[in-house]
Amino acid sequence: MKILFIGARLFDDVSFFLKEKEIYSILTESNPNADNLELADEVHIVSRGMDEPKKIAIENNVDAVVPLIGIDQPLMDVAILKEDLEKNHNIPVICSNRSVIDISSNKFKTKEFFNLNNIKTPKSFIFTNNKTCDFNSTKNKIEFNLNGEILSFNWPIVLKQKEGQGGSNIKIAKNSDDFKRYIEKFNETLVEEFIEGSEISVEVLSFNEEYFPIVPVYKGETSLDGCHPIKRVRSAPFEINSSNNLNNSINLNSINLNNLSNSNSSINSKYLDDLYHSKLNFIMNVSLFIAKNLKSEGTIDIDFIYSKKNNLFYAIEINTRPSGTRYLSYGATGISPLIQLVYMASHNFSIENLNNEKKDYYSLEVPVGNFNGEVLDKSPKKFIKNSWIVHGPKNHERITFSGENKMLVFNLAKKLLKNHDLNLEF
């Protein structure tokens, strides 16, 4: 079998697997100095865009194309390539189509998609900077007059543009001065209610109208400073209760336990276990519902916030590309999202196999800057039982631990990171 991969940066996530399965790999990359070029069977340095990868795919009669692109900008070009190769050359391209990218790459349209499908999402509207919408603000809130209808938001509020990745063009406005400074720069702004709570992400695998949400990943608490989740300690699966000071959980005190008595008796452990799994099942089912209605393909990543105030999950964004949480998903379940793309390309993707092979592990990811400890292996980005993977560029490295249980993972992390100034008390 012969597969064309577009983009070298993530190729080491799958290269070892391709060797194991004896799949011939052709890699296209626009940067001649990119990492991982030596890992492919055949490499083509190409110009930016999809014209040359398309030509190479056709000339080499490849069985499939797998884009490994971790940024938003080229995704529509890749979707157009998909349409052409699949329709005119019978070459499958493992990614979402144009209509999906049109929704996911535009935050305004993503919000519209959530609302049309009755998916809980923070209250919002699009502010047009043409003085047709009056607003008044006080110390505690801002009110907008929309043709006589008053829409009120408490401070702070979230301000977004249609496009943007990694927190770009996103502002958390704490007062009217923040708001005025922001809207001066743009013609349109998505004004959104700020939800205080836990940031969660779920990757969903999609192929031939079959969908598999992997695991809810905890990415930290919302903050007013706009700290990107990649700079935080993250973990999977998302937890309801935990006592460790990483704050990688939702405290039970914030949850409305309606069916508990008012007595001082201890909370029944079976009830807590049922509550935990009901929350996990709920967020997984919402992710499944979103992917099905979106008709996604390949791998997507759905962002949520869990509100401690009202015990609700809010859908925030959809990313139709390999996720920054992929090692956490892999470490917690044994399922690598990018390896699953290869299974899709080789027509071996199976929901039944995923359900049978999925592990109930715990994973923890820590930003370390430059890791100065033991690396298990130079090449494979592959978890074995109770292990770790170091990943990320120099000065921004992260280490993801995978283990059979949380205690084991924390002990492994404390041992391995003893030379790093990190607080990892269990």
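Backbone N, Cα and C atoms are what each Cβ position is placed from, and that goes for glycine too.
The structure displayed is predicted, hence computed values, not measured ones.
As recorded in TrEMBL:
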type: BINDING; residues: 152-201; note: ATP binding site
type: DOMAIN; residues: 111-346; note: domain 'ATP-grasp'
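DSSP classifies K180 (ATP binding site) as helix under the three-state reduction. Take the CB of K180 (ATP binding site) and look out to 10 A: across all protein chains shown you find 12 other CB atoms. Mean pLDDT for the domain 'ATP-grasp' (111-346) in the predicted structure: 83. When each of the binding-site residues L159, A173 is scored by how many other Cβ atoms sit within 10 Å of its Cβ, L159 comes out lowest. Annotation note: S201 (ATP binding site) sits in a strand segment as assigned by DSSP. A sphere of 10 angstroms centred on the C-beta of S201 (ATP binding site) encloses 26 other C-beta atoms.
A173 (ATP binding site) falls within a strand when secondary structure is assigned with DSSP.
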